[in-house]
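Per TrEMBL, these features apply:
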- 6-176: domain 'GTP cyclohydrolase II' (DOMAIN)
- ARG56, ILE57, HIS58, SER59, GLN60, GLN77, GLU99, GLY100, ARG101, THR121, THR156, LYS161: GTP binding site (BINDING)
- CYS61, CYS72, CYS74: Zn(2+) binding site (BINDING)
- ASP133: active site, proton acceptor (ACT_SITE)
- ARG135: active site, nucleophile (ACT_SITE)
Amino acid sequence: MPLRKIADIKFPTCHANFRLLAFERDRIGAQFAEAHTETALALILGDIHSVPPIVRIHSQCITGDVFHSLRCDCHDQLHLALNRIVEEGVGVLIYEQQEGRGIGLLEKLRAYELQEQGFDTVDANLHLGHEVDLRDYALPTEILRFLTVRSVRLLTNNPDKMNALHAADIAIVERISADVPQNSHSASYLSAKRERLGHLSGQEPFQLQHVADTVFAAAK
Ligand SMILES: Nc1nc2c(ncn2[C@@H]2O[C@H](COP(=O)(O)OP(=O)(O)OP(=O)(O)O)[C@@H](O)[C@H]2O)c(=O)[nH]1
Ligand SMILES: [Zn+2]
């Protein structure tokens, strides 16, 4: 499905004066009852072709991003990414709207209810009849290709994002850790991401072998 650029504006924020591009794309897939349009924003700073830019693909989390929920790390990660991009002066933050790992806000809140009964973040999704993680990163990778960004310093702990860029032939010259301090509300959520979803932690170096292992493990 072709990518459509909808807007290209100056975007002054308290962090920096970004350029903001908005994109949409029609999406059809077996897991969707009907075709729908997905959208994403790209906040761009500096000359992104002069060096491999810092890239953050951030999945929407209204509870975290807007209300600074302590149940997850999203708010702090969003600001970590913005701060790193501003420090370096060159970067792209892609904000994509697969809220709740693709199940949507209301289903995520139902999953939170289950987590209050003892389910972890993975089992709660499964109990509600959803896949563990419905996201794919086709739209973000298409945006990077649209921007002719062919090599990046990717800020993430999620091997799925690395796999998606690798598959799209976008080189990851460095993986920057997306670790942020945990708190008593987020500790079990963060450990479930590492132990059940295979997310990296700390400064664990990015290696293509790790990506290959992950693809292999997922295929088994
Ligand atoms: N279904 C579900 N989604 C959640 C839950 N907590 C956070 N999310 C969503 O998870 C997404 C963020 O994904 P994470 O797994 O935290 O991290 P990530 O983006 O995959 O990985 P990083 O790049 O390392 O941050 C956002 O869309 C959140 O809304 C939860 O308990 N259940
Ligand atoms: Zn969150």
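Numbers run from 1 along the shown chain.
Quick reminder: no glycine exception, Cβ is built from N, Cα and C everywhere.
Note that TrEMBL annotation is computational and uncurated.
Sequence-distant neighbours of ASP133 (active site, proton acceptor) (same chain, six or more apart, CB under 8 Å from its CB) are ARG101, GLY102, ASN125, ASP160, LEU197, listed in sequence order.
Put simply, ARG135 is the one of the recorded positions CYS72, CYS74, ARG135 whose Cα lies nearest to the Cα of GLU99 (GTP binding site). Checking each of the recorded positions CYS72, CYS74, ARG135 against GLN60 (GTP binding site) by C-alpha distance, the shortest gap belongs to CYS74. Those residues noted as binding GTP (ARG56, ILE57, HIS58, SER59, GLN60, GLN77, GLU99, GLY100, ARG101, THR121, THR156, LYS161) have their most widely separated CA atoms at a distance of 23 Å.
For HIS58 (GTP binding site), the nearest of the recorded positions CYS72, CYS74, ARG135 in terms of C-alpha separation is CYS74. You'll find the Cα of the residue listed as 'active site, nucleophile' roughly 15 Å from the Cα of THR156 (GTP binding site). Computed over the domain 'GTP cyclohydrolase II' (6-176), the whole-number mean pLDDT of the model equals 95. For the Zn(2+) site, the Cβ centre of CYS61, CYS72, CYS74 serves as reference, and the other residues of the chain with Cβ at most 8 Å from it are SER59, THR63, GLY64, ASP65, SER69, ARG71, ASP73, HIS75, GLN77. Between the CA atoms of CYS72 (Zn(2+) binding site) and THR156 (GTP binding site) there is a gap of 15 Å, rounded to the nearest whole number. Listed recorded positions: ARG56, HIS58, CYS61, ASP133, ARG135, THR156. Those with a CB atom under 6 Å from ligand 1: CYS61, THR156.
ARG56 (GTP binding site) is 12 Å away from CYS74 (Zn(2+) binding site) when you measure Cα to Cα.
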